[in-house]
Amino acid sequence: MKYLAAYLLLVQGGNAAPSAADIKAVVESVGAEVDEARINELLSSLEGKGSLEEIIAEGQKKFATVPTGGASSAAAGAAGAAAGGDAAEEEKEEEAKEESDDDMGFGLFD
């Protein structure tokens, strides 16, 4: 991810085709370790893909087809909230019992 971020920074900075050395320099400038094999893998995967805008647009199309599962997570959230409410009531009862046990007629400053 850090190599992709460095690539994007270089492109936004005006370098239309960043090299491995350019990416390495950006990553090293922040004190991060560099894996040149990963940089070369990134550059080879981006080679021939077109402009950065085209790559982002293609990725957005792919994400649009992925189901998010929002309905199932909403149902799980509601069930969790109901269970959480019961736990809160039990906790209040336990606190009340503990408070009555602590007060045995002894005052702190007596």
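Quick reminder: no glycine exception, Cβ is built from N, Cα and C everywhere.
Straight from Swiss-Prot, the features:
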MOD_RES   S29  phosphoserine
CROSSLNK  K49  ubiquitin cross-link
REGION    66-110  region 'Disordered'
COMPBIAS  69-86  compositional bias 'Low complexity'
COMPBIAS  87-104  compositional bias 'Acidic residues'
MOD_RES   S100  phosphoserine
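The two recorded residues, the residue listed as 'ubiquitin cross-link' and S29 (phosphoserine), have Cα atoms 27 Å apart. In the shown protein chains, 9 other C-beta atoms lie within 10 A of the C-beta of S29 (phosphoserine). Reduced to three states, the DSSP call for S29 (phosphoserine) is helix. The local packing around K49 (ubiquitin cross-link), expressed as other Cβ atoms within 10 Å of its Cβ over all shown chains, amounts to 10.
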